[in-house]
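Among the features that Swiss-Prot reports, compositional bias 'Basic and acidic residues' is placed at 194-203, 536-550. Feature annotation from Swiss-Prot assigns domain 'DRBM 1' to 8-75; the stated evidence is sequence analysis. The domain 'DRBM 3' annotation in Swiss-Prot covers 207-274 and rests on sequence analysis. According to Swiss-Prot, the feature domain 'DRBM 4' maps to 307-375, an assignment based on sequence analysis. Taken from Swiss-Prot, the feature phosphothreonine applies to Thr405. What Swiss-Prot lists as region 'Disordered' is 71-94, 181-203, 387-409, 528-570. Summarising the annotation, Swiss-Prot assigns region 'Required for dendritic transport' to 381-570 and lists similarity to another entry as the type of evidence. Residues or ranges marked as motif 'Nuclear localization signal 2' in Swiss-Prot (evidence: similarity to another entry): 373-412.
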Amino acid sequence: MANPKEKTAMCLVNELARFNRVQPQYKLLNERGPAHSKMFSVQLSLGEQTWESEGSSIKKAQQAVANKALTESTLPKPVQKPPKSNVNNNPGSITPTVELNGLAMKRGEPAIYRPLDPKPFPNYRANYNFRGMYNQRYHCPVPKIFYVQLTVGNNEFFGEGKTRQAARHNAAMKALQALQNEPIPERSPQNGESGKDVDDDKDANKSEISLVFEIALKRNMPVSFEVIKESGPPHMKSFVTRVSVGEFSAEGEGNSKKLSKKRAATTVLQELKKLPPLPVVEKPKLFFKKRPKTIVKAGPEYGQGMNPISRLAQIQQAKKEKEPDYVLLSERGMPRRREFVMQVKVGNEVATGTGPNKKIAKKNAAEAMLLQLGYKASTNLQDQLEKTGENKGWSGPKPGFPEPTNNTPKGILHLSPDVYQEMEASRHKVISGTTLGYLSPKDMNQPSSSFFSISPTSNSSATIARELLMNGTSSTAEAIGLKGSSPTPPCSPVQPSKQLEYLARIQGFQAALSALKQFSEQGLDPIDGAMNIEKGSLEKQAKHLREKADNNQAPPGSIAQDCKKSNSAV
C-alpha cells in the first residue's frame with residue numbers, strides 16, 4: 001500500500017459485513033506446490049455469496065479474494081465518512097509556531113510572542129435573595145480567553161484561544177497566511193560590519209581554547225594550561241585551572257578539568273580581544289618559472305642513432321598524428337630458423353620488415369617506414385661515438401666485454417713492445433759478431449762461439465729458450481756468448497718470430513706450444529705448465545734434440561742465407 005493509513009480490502013469487507021449485519025468467513029481450500037513456492041486457495045463467504053482466489057501466501061490470498069468480493073458483491077455499501085479537517089492541523093504534525101520560526105529565520109526577522117491580559121468584565125452583582133428563574137444563587141463562571149500578540153519584523157498579529165498555547169498557535173497561523181506569499185527581503189550588510197560578521201560566524205563554530213591558541217600563534221605568545229587546585233569529595237570534585245598566554249593569565253573553576261579549562265580560556269580570551277589588531281603584511285607573490293615545453297623535433301636528421309621504433313613514434317607525436325600500427329603478417333621457416341614478417345602502417349603509408357624474431361622484424365619495418373617517409377637511416381649510437389671520438393660518459397678503462405677475435409694464425413705468440421726492445425738490446429749487445437747455425441750431434445759436447453751454442457749440460461738450450469720467453473733476455477746465452485772467441489761477420493737484425501721459430505726448431509717445441517695454447521684455453525698458467533712438462537721429460541727432450549740436430553744439420557753458408565731471408569722478411 002502506498003499510504004499506510006489507507007484501509008485494506010479485508011478491512012473494507014469487514015465494514016461491509018457490519019453494515020449488512022453478516023459475518024464474513026474465510027476458508028483455506030487447497031495448498032499445492034513445492035515448499036519454496038507454494039500456492040494457497042482461499043474461499044470467502046459473505047451472506048449467500050462466495051468467492052475464491054489464490055496467492056503465494058494465505059494473507060495474499062485473503063486480500064485477493066476480499067478485492068474480488070468488493071467488486072462483485074451486491075450488498076449495499078456504507079457511505080464513506082469524509083476525513084476530519086482541522087484548520088490548525090498542519091501536514092506532517094508540524095505546529096504553526098515551529099513552521100513560523102523557520103520562515104522567520106529565512107527572512108531574518110525574529111518572531112516575538114507577548115501575552116495580553118483579557119478585557120475586564122463589568123462590575124454587576126445579581127440579587128442573591130431572589131430565587132427567580134433568571135436570578136440563581138450560584139452563577140457559572142465565564143470561560144477565560146487568552147490573547148497573544150505576535151511581532152514578526154514590522155508586522156503584528158493577534159491570536160486568541162482557550163489556552164495560552166492555543167493562542168500562540170492561532171497567532172502563528174495568521175502570520176503564516178500573511179507572510180507565506182510575500183518575498184523574502186534581501187539583507188545587505190553594512191560597511192564595516194560585514195568583515196566582523198564573517199569572523200564572528202567563523203569563530204562561532206570554534207571553542208574558546210582553539211581561539212586562544214590561534215591568537216597566541218599569530219602574536220608569537222606561549223600558551224600553557226595548569227591545574228592549580230583540586231578540592232571536594234570524590235563524587236563532587238572541583239578543579240581550578242590557570243591559563244597563561246604571554247603576559248596574560250586567568251583562572252577558571254568547574255566540576256571537571258575540561259570545564260575549568262574552558263572557563264579559564266573564556267576569561268583570557270576577553271583580554272586578548274582588547275589588544276590592537278596586527279598590521280597587515282602582504283606576502284610577496286611567488287613567481288614560478290615556467291618550464292619550457294618538451295620540444296620534439298621532427299626533422300629528417302632528428303633521431304639518428306635512436307631505436308627506429310621510438311624515433312617513428314616521436315615523429316608521429318610531433319606531427320600530432322596517430323601512432324604507428326604494427327601487425328604481424330606471417331611467420332615462416334624451420335622451427336630453429338624462423339623468419340617473421342612485420343607490417344607497419346602510418347597514415348596511408350605501409351612498409352614491411354623481416355627478422356629472425358618479432359623485435360628485429362618490427363625494428364626493420366620501422367626503419368623501412370622512416371626511409372619511405374623521407375628520413376635518414378638510423379645509425380648506431382656507438383658508431384657515431386667512434387666516428388666523432390666523443391665519449392664523455394667514462395674516461396677510465398672500458399668494461400670487461402669480450403674483445404673481438406683477430407685473425408692471427410694459431411701457434412704465434414705476440415710479444416709486448418717492452419719485451420721486444422729488451423730482446424733487441426740484448427741481441428745487439430751479445431750476438432754482434434756471432435754466427436747462427438744448427439747444431440750437429442758432434443757439436444753438442446763442444447763449446448761453440450755461436451749465440452745459441454749449447455753448454456755441456458743437456459738442458460742449457462731449454463734454459464735459454466725459457467729465459468727469452470719469460471724475460472726477453474738470457475743470462476745463460478750471454479755467458480756462453482762471452483766464451484766464444486772466433487769473430488764472425490756481423491749479421492743484420494733477425495725478426496723475433498724467426499728467433500722464436502729457431503728456438504722451437506732446435507728444442508722441439510711444437511708440442512710445448514700446443515700445450516701452452518691448451519693451458520691458456522683452460523685458464524691455467526702457461527709458464528708453469530711448460531715448466532712442469534720440461535721437468536718431467538728432460539731425457540726425452542735431449543733425445544729429441546739430437547734427432548732434430550742430425551736431420552736439420554745446415555751447411556756453413558746457411559747462416560748467411562738465414563740473414564738474407566730475415567732481411568727480406570723485414
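Backbone N, Cα and C define each Cβ position, glycine as well.
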Could you give me three numbers for the domain 'DRBM 3' (207-274), the DSSP helix, strand and coil residue counts?
27 helix, 24 strand, 17 coil
Given the model, what does the mean pLDDT over the region 'Required for dendritic transport' (381-570) come out as?
53
Within the domain 'DRBM 4' (307-375), residues counted as helix, strand or coil by DSSP:
27 helix, 27 strand, 15 coil
